[in-house]
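Copied over from TrEMBL, here are the features:
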BINDING   Asn171, Asp234  Mg(2+) binding site
TRANSMEM  32-57  transmembrane segment
TRANSMEM  69-89  transmembrane segment
TRANSMEM  95-113  transmembrane segment
TRANSMEM  125-142  transmembrane segment
TRANSMEM  148-166  transmembrane segment
TRANSMEM  178-196  transmembrane segment
TRANSMEM  202-219  transmembrane segment
TRANSMEM  231-249  transmembrane segment
TRANSMEM  261-280  transmembrane segment
TRANSMEM  316-337  transmembrane segment
TRANSMEM  343-363  transmembrane segment
Amino acid sequence: MLLHALNIILLGGMLFLHQNGAIPSSLDWTMLIVLSFSLSYLFNAIAIRLGLLFNIVDDPDNERKIHKLPTPLTGGVAIVAAFMTTILLNFHFSWNMKGILIGSGIVFFAGFIDDVRDLSAKIRLGLQLAASAVVILFGVRISFIPDWLGGFYTEAIITTIWLVGITNSMNFLDGMDGLASGISIIVASFFAVFAMRTGQPYLAFLCLAIIGSCLGFFLHNFRPRKNAKIFLGDGGSNFLGFFLASVAIMGDWATNNPFDLIAPAVIMGVLVFDMTLTTIMRIRTGKVKSASEWIHFTGKDHFHHRLTDMGFSPKGAVIMIFLTCIVSGFSGLVLRTAEGLDLIFTIFQSSCFFILIAFLMIYKKNAPKDQ
């Protein structure tokens with residue numbers, strides 16, 4: 001209750017200063033995080049009550065669920081509301097950014113509708129493809145393919161695979177308290193540092209607004225020794241995955257040089273790793289045979305599930321994945337300036353790191369149990 005009151009006072013003061021010109025239209029990075037955090041924390045408190053009121057909850061009705069009480073699925077609504085309020089107060093949108101926000105909005109609403117009433121996997125995939133098309137048409141795409149390899153059309157296909165893949169990977173990893181939002185905070189933090197180091201303050205400020213919005217949710221969701229008060233829902237995880245995947249190809253690191261894209265991909269290494277490993281294993285075992293089946297299939301074979309199979313507690317698995325994200329983030333930062341043998345060595349080191357994790361998880365899962 002005290003934290004709620006402090007947030008209201010802080011938020012009211014910031015909005016008053018903003019309206020009276022005491023804070024410039026482009027807030028410095030500290031103010032951006034504080035504003036988005038305060039909004040998100042308050043919006044999540046409201047979203048908890050609304051989720052319970054309208055019965056938009058996740059019931060612990062099958063063995064995949066590790067929570068014990070019906071929990072609101074409205075965290076994504078609060079994050080999106082906080083993020084949009086922050087940037088609407090302080091930003092003028094470029095053409096590219098408009099496309100990203102429209103595309104992110106499409107996948108958010110698709111996910112939220114799925115939270116309220118189930119959407120078929122084909123409809124969800126169709127809306128994700130539509131959102132990817134919007135982003136591409138607004139000029140955000142991977143752009144290094146020569147004309148003789150298909151040029152724009154090949155770039156559009158690769159961009160779509162990237163956006164849809166990362167969007168669903170974030171959704172797949174939203175299976176333990178704090179996991180998806182924590183990954184988003186870490187990834188966005190490294191993107192912000194990356195953007196500042198490469199002279200892209202506009203992109204950095206957007207990442208900082210996402211960080212604050214996720215932090216406000218995180219305090220309600222990741223509670224040691226207590227149950228989460230609220231979940232992201234598919235709307236929230238889809239929004240975060242799609243937005244961060246778009247940011248990864250919006251910056252100048254994804255232009256004209258195929259090696260530039262490696263750095264943001266490494267920063268998002270946990271998402272890429274989980275998506276790749278589960279896809280390969282599911283195809284290999286015949287569990288999925290189409291893209292819609294891939295989206296719809298639910299199983300306990302993701303990174304966090306495999307860590308709990310190895311003996312980690314749920315909170316321990318989440319922290320282990322956070323540490324892996326941080327290692328990947330620093331590797332991505334190093335890649336930006338690496339050349340020649342340093343570049344090859346860093347890529348090799350990052351690849352070996354994830355291959356080792358995959359080997360240990362698969363070996364542990366397949367190892368014979370003691371009688």
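Each Cβ is built from the backbone N, Cα and C atoms, and glycine gets one as well.
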Considering only the recorded stretches 69-89, 125-142, 316-337, 343-363, state which has the highest number of Cβ pairs under 8 Å to the transmembrane segment (231-249).
-> 69-89
Other than its close neighbours in sequence, what residues sit by the transmembrane segment (32-57), given a CB gap under 8 Å and a spacing of at least six beyond its ends?
-> 3-4, 7-8, 10-11, 14, 70-75, 77-79, 81-83, 85-86, 89-90, 115-116, 205, 208-217, 219-220, 229-230, 233
In the chain carrying Asp234 (Mg(2+) binding site), residues 6 or more apart in sequence that have Cβ under 8 angstroms from it = Leu73, Gly76, Gly111, Phe112, Asp114, Asp115, Asn171, Asp174
Please check if the transmembrane segment (261-280) comes into contact with the transmembrane segment (148-166), where contact means 3 or more CB pairs closer than 8 Å and the residues in each pair are separated by 6 or more positions.
-> yes
Using a Cβ cut-off of under 8 Å, list the residues of the same chain at least 6 residues beyond the transmembrane segment (95-113) that approach it.
-> 76-77, 80, 84, 119, 123-124, 127-128, 130-132, 134-135, 137-140, 163, 167, 171, 206, 233-239, 241-243, 246-247, 250
So how many other Cβ atoms are close to Asn171 (Mg(2+) binding site), meaning within 10 Å of its Cβ?
-> 25
Please state whether DSSP places Asn171 (Mg(2+) binding site) in a helix, a strand or coil.
-> helix
